[in-house]
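Listed in Swiss-Prot for this protein:
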| type | residues | note |
| --- | --- | --- |
| REGION | 1-20 | region 'Disordered' |
| MOTIF | 35-63 | motif 'Q motif' |
| DOMAIN | 66-236 | domain 'Helicase ATP-binding' |
| BINDING | Ala79, Gln80, Ser81, Gly82, Thr83, Gly84, Lys85, Thr86 | ATP binding site |
| MOD_RES | Ser100 | phosphoserine |
| MOD_RES | Ser101 | phosphoserine |
| MOTIF | 184-187 | motif 'DEAD box' |
| DOMAIN | 247-408 | domain 'Helicase C-terminal' |
Amino acid sequence: MATANPGRGGGRRGGGAMDDDKLVFETTDGIEPITSFNDMGIKEDVLRGVYEYGFEKPSAIQQRAVMPILQGRDVIAQAQSGTGKTSMIALSVCQVVDTSSREVQALILSPTRELATQTEKTIQAIGLHANIQAHACIGGNSVGEDIRKLEHGVHVVSGTPGRVCDMIKRRSLRTRAIKLLILDESDEMLSRGFKDQIYDVYRYLPPDLQVCLVSATLPHEILEMTSKFMTEPVKILVKRDELTLEGIKQFFVAVEKEEWKFDTLCDLYDTLTITQAVIFCNTKRKVDYLSEKMRSHNFTVSSMHGDMPQKERDAIMNEFRSGDSRVLITTDVWARGIDVQQVSLVINYDLPNNRELYIHRIGRSGRFGRKGVAINFVKSDDIKILRDIEQYYSTQIDEMPMNVADLI
């Protein structure tokens, strides 16, 4: 169990799992995969929620991570995007919660509002018959509503670090009964600006806390940091050279100038029949620029970035999930963990600034083993970044063939 705490002294409906034979795990000795939900000792009402949610068989990461979490161990769980990480979190949380108490017993921190909200919804779905109450504490929503919900009593809080910390300091979120902390997408949370906020939250948590880190990528420096707040963690790791998702075909298109990217995008539209696509840009300004330009050329697109009010972001996400909108232009606020089943194509209009974001972006195009295509627009000064991504993931990104339409 954790913790030396310096302040005191992280799936889907539709059933299938990825082809586990293709995944290579570096896992703590003694961790045996459990291939059936029925063999996990899960409460019947939670199990009913799991099956109703659409799972038939645990995915690779669920087979290995759920039992150590339920046994109270600290866990570092690494799984590719789309392997059922969110559902693994929800299942574990629903099993450990004692519904006879109205106090918060599990806290999940996520880097984006959308991921925190999706986690909350998954917990509510899987925990429906167990009457598990979850609430998303996220910036952009009403503070008053957060206070009201928390004071009424919930079992699980899924939130972003800033708002969660605020609720703790206001004493609306009482931490004395929290026994499980989960850091979802912990690479993003710890390696960027969230580290201080996480430690702020930590200071208020009980000393016998159980800690889990869940992420698609776990760079060496992140694993080093875990020694500060985890005790003998069970490690469930995918080797890095297996991290590019199975079934994702990756290509690049060489564009000499920035201005040529738009024409290239229009040519792609003419060539392809797009079910649903996500187009990633590196800046909010570029998202706005590209969205306006696409609309002026009579393309129907949605767009989203972090400056938009939360209600607007929610409406856009719902529109895209339901299929009413087929093309979403966005920044990396969307790249982590958002589950949309029909996405068949991801276009990196800009290559990501951070190579570790690459897998989060292209992971959208083949969730749970679905096939997908990722196309990267590459200027001459981007070649080095592209090669760096290839080397980092031990993968090959070829020039886009003429028959790309046959691959989507």
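Placed from the backbone N, Cα and C atoms, the Cβ positions cover glycine too.
Model, not experiment: these values are computed from the prediction.
Known features from Swiss-Prot, placed on the structure.
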residue : record           : CB count, 10 Å
Gly84   : ATP binding site : 27
Lys85   : ATP binding site : 26
Thr86   : ATP binding site : 26
Ser100  : phosphoserine    : 5
Ser101  : phosphoserine    : 11
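Confidence annotation: the motif 'DEAD box' (184-187) carries a mean pLDDT of 87 in the model.
Under the DSSP three-state reduction, Thr86 (ATP binding site) is assigned to helix.
Using Ser100 (phosphoserine) as the reference Cα, a 10 A cut-off selects none from the binding-site residues Gly84, Lys85, Thr86.
Of all the binding-site residues in the list Gly84, Lys85, Thr86, the shortest Cα-Cα distance to Ser101 (phosphoserine) is found for Thr86.
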